[in-house]
Amino acid sequence: MGNEESVFFSRVLTELTLSFHIIYATIGVGVPLMIMIAQWVGIKKNDEHYILLARRWARGFVITVAVGVVTGTAIGMQLSLLWPNFMELAGQVIALPLFMETFAFFFEAIFLGIYLYTWDRFDNQKKHLLLLVPVALGASFSAVFITIVNAFMNAPQGFDLVDGELVNIQPLVAMFNPAMPTKVAHVVITAYMTSAFILAAIAAFRLLKGSDHVYHKKALFLTMKLGLIFSIGAAIIGDFSGKYLAEYQPEKLAAAEWHFETEGEAPLMLYGILDGQEVKYTITIPYALSILAHSDPTAEVIGLNDFPEDEIPPLYIHYLFDTMVTIGVLMIMVSGLYWLGRHMRWRFIHSRWYRWLIVAGGPLTVIAIEAGWWYAEVGRQPWILRDIMKVPEAATTSGHVDTMLYLFATLYLILGVGSVVVLRRMFRNNPIEREIADREAEVREGTRKGGDH
Amino acid sequence: MSLEVLGITVLMTFLFGYIIVGAIDFGAGFFNAYSLLTGKEHILTNVIQRYLSPVWEVTNVFLVFFFVGMVGFFPSTAFYYGTTMLVPLSIALILLAIRGSYYAFETYGASGHKGYSFMYGMAGILLPASLSIVLTISEGGFIDMVDGQPVLDYGALFTSPLTWSIVFLSIAATLYISAVFLTWYADKAGDRDATELLRKYALIWSLPTIITAGGIVWELRSHNAEHYNQLLGLWWMFALSGALFIGTVYLLWKRHNYGLAVWLLIGQFALAFYGYGIAHYPYLLYPHLTIHDSFTNPAMATALIIAFILGLGLLIPSLYLLLRLFLFNKDYVKGRKKDEHA
Ligand code: HDD
Ligand code: HEM
Ligand code: HEM
């Protein structure tokens, strides 16, 4: 296999693994927080339904964690296997957060094991809830640390490059690079947002499928409320991300906005298609790009004409950006209307079509996550380390990458189908009505025996 | 101690941790599958499940820690090993993925298919074999430099007796470590039948373990004389290791103090492992890479070590809690606690 092919297949394999991992990783970051909130509400309101909610979510979470862990291990090793030159170079500057991430995993893994197996060990539920705190912290910090690595790839700093050698290395400066604040915040909050809407989708789906239990209604209301908060947060931080780009990676923003010429009073173009150099059927919002980039309707926004031809990212990232933003705005509206509707007693939020809309929100936010990452990563092309190393220089020279791609693709197919089948079976075999009945029977028996827990 | 020696010592310690906890886990999967085949699953499944359930993810993290730390402390390993190990490590990854996920699918999802258990068991045997290839390659002689790029010579690798000795050792040692540990665990659980069966497995696998281990030293004499001579210089470590081995087998034979037997076993493997590692010094890959020329810059090394110390401050108490709640908790081990998962 020639070198070009190695590069090509390394890219495809990285894209595949990351795109698959990110689904489970996002759930892994967000769901522990949701479980924590539900259990806390349950304890505070002394409402068994919320506790049960936490418990059932935790059960499903185990399955997604398992796939997250094994695919994460795969991508962790693949970084060295597929991008050895990149890791050799970047490892000298950015190994620290990568290393710290393993501690976050460790912490999470240990307490997750404990949490899952101690539901009935404590008389005081609060103690059990306390065990979840390190799980949620560990998961969020894995996201923080790995995103710092990714931020470094976008805005490398903390070293000097002298004759191809890295000198004067400052690991902390590398970690706190300009891309880091917005990137970390946006990734973490969108993970919370996605998890909230996935759980809301499940609750709405059960209600649609004929269960009328208050359990699902409580679940839906809680998750929609959280989803609203996080989606507003995501949009605000997304706006800051745009400002970061305008300042430090203007080519990414310009390519996403099809902004060809550097100019002030720049309009924002939504949707549309690109026909050669010609932009068609877009919705143009005057001044909006200047506002997104610099909070000033007249500010100058750098266009693609300021960059050499071979350093411009692919222009299709426009569609990815639009997909992400559209879904973000849509979800704010869906959850906002739901929340408002609850207060104003609007009936339509309980209608079937609105519930279907909420169900759609689950997969849609996952699509937004994928679109966002593809936008961020493809928008960095042709660089793997911006302005320092291009993707082809970083790749492995090994043959056989194509074979590995087919092997891993098969693996992910099995894992993806397997996790869905197992999750469905798990909850179908033990519907909430039955679980509540079982627990009540158990409690009755317990009091009869004199509560010998 | 210089920073690079400190770094490699930390990494070796985690690798050793992975070898022990991983071996227990892999071997347990194999014995579980084997007991299904021979219709003895009622004897073993309970003990194995109770041990594995709360700790499987922790096992995996040991491995992640090792390879992330390796690239952190010694970035050039990414270049040499990353380029050449694509195929063996990808296969190991796929096996790991199958094991990890199916374990969770089976344990927490409605339990399923016998086929899963067999795959799970087989993966547990193939994994040590495929991971051990890294050790073989580190002995040198299998990597050629072509146009400044390292290339793995598969022909030489798969026809070398050294490769196969290491593969057999990894399998035998996995089953041995696992059986000794589980004997003790079953004994603590007061499960007489399981204890007896596992004790038998432990005794069966003790002999192949020690024979293949000797065989490797023999192979090294012709394959890598430098390493061999350094090994001889550390003969006392290996002698001590052998003595501990005899101690473990003796205790098992006499059905005496299985807890002590486990500690002797760990001591045996620790001595052999560190002895092997020290003799390997200073090479990470004969003759291309030493720990000195692959070492990261001092600023990063210092940062990593500080992070490591802070991290340990967090981890050790947590691990202690995990062990106390499950491994060393009498009620849990005996299955008396009502600790069903979630
Ligand atoms: C549920 C997912 C989701 C939603 C609804 C949004 N985003 Fe996003 N976005 C992400 C998920 C995401 C992400 C997956 O988290 C990315 C990919 C890489 C990254 O740093 O975050 C991202 C990247 C990303 C970037 C690139 C940052 C960079 O490359 O450094 C910008 C400019 C925005 N987003 C802006 C927005 C705006 C203005 C939104 C308005 C609603 C928005 N995002 C909604
Ligand atoms: C988890 C979320 C991530 C996703 C979904 C993702 C996705 C992608 C995609 C789609 C590309 C391909 C761009 C192209 O067309 O060439 C890419 C490139 C790359 N990303 Fe990311 N990325 C993620 C995070 C990261 C992080 C955190 C790192 C580093 C630690 C990283 C390392 C790389 C590397 C090495 C490449 C180069 C390969 C290539 O250009 O194809 N990615 N990523
Ligand atoms: C190049 C990018 C990435 C690498 C190398 C990577 C590496 C890993 C590794 C090695 C694991 C397994 C850890 C274990 O054994 O417990 C893992 C799991 C995980 N990763 Fe990734 N990861 C990447 C991207 C991401 C991103 C972008 C996020 C967050 C948005 C993320 C969040 C997680 C989480 C939360 C887990 C724990 C598993 C779970 O709870 O589902 N990862 N990752």
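The backbone N, Cα and C atoms fix where each Cβ goes, glycine too.
Going by TrEMBL, these are the annotated features:
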type	residues	note
TRANSMEM	A:20-41	transmembrane segment
TRANSMEM	A:61-83	transmembrane segment
TRANSMEM	A:89-117	transmembrane segment
TRANSMEM	A:129-153	transmembrane segment
TRANSMEM	A:184-207	transmembrane segment
TRANSMEM	A:219-238	transmembrane segment
TRANSMEM	A:316-341	transmembrane segment
TRANSMEM	A:353-376	transmembrane segment
TRANSMEM	A:404-423	transmembrane segment
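Between the transmembrane segment (A:20-41) and the stretches A:129-153, A:184-207, A:219-238, A:353-376, the greatest number of Cβ pairs separated by less than 8 Å involves A:184-207.
Beyond its flanks by at least six residues, the transmembrane segment (A:184-207) meets 25-27, 29-31, 33-34, 57, 140, 143-144, 147-148, 151, 213, 216-217, 219-220, 223-224, 226-227, 230-231, 233-234, 237-238, 240-241, 331, 335, 355-356, 358-366, 368-369, 372, 432 of its own chain at Cβ-Cβ distances under 8 Å. Taking residue pairs at least 6 apart in sequence, the transmembrane segment (A:129-153) and the transmembrane segment (A:219-238) share fewer than three C-beta contacts under 8 angstroms. The stretch with the most CB contacts under 8 Å to the transmembrane segment (A:404-423), chosen from A:61-83, A:129-153, A:316-341, is A:61-83.
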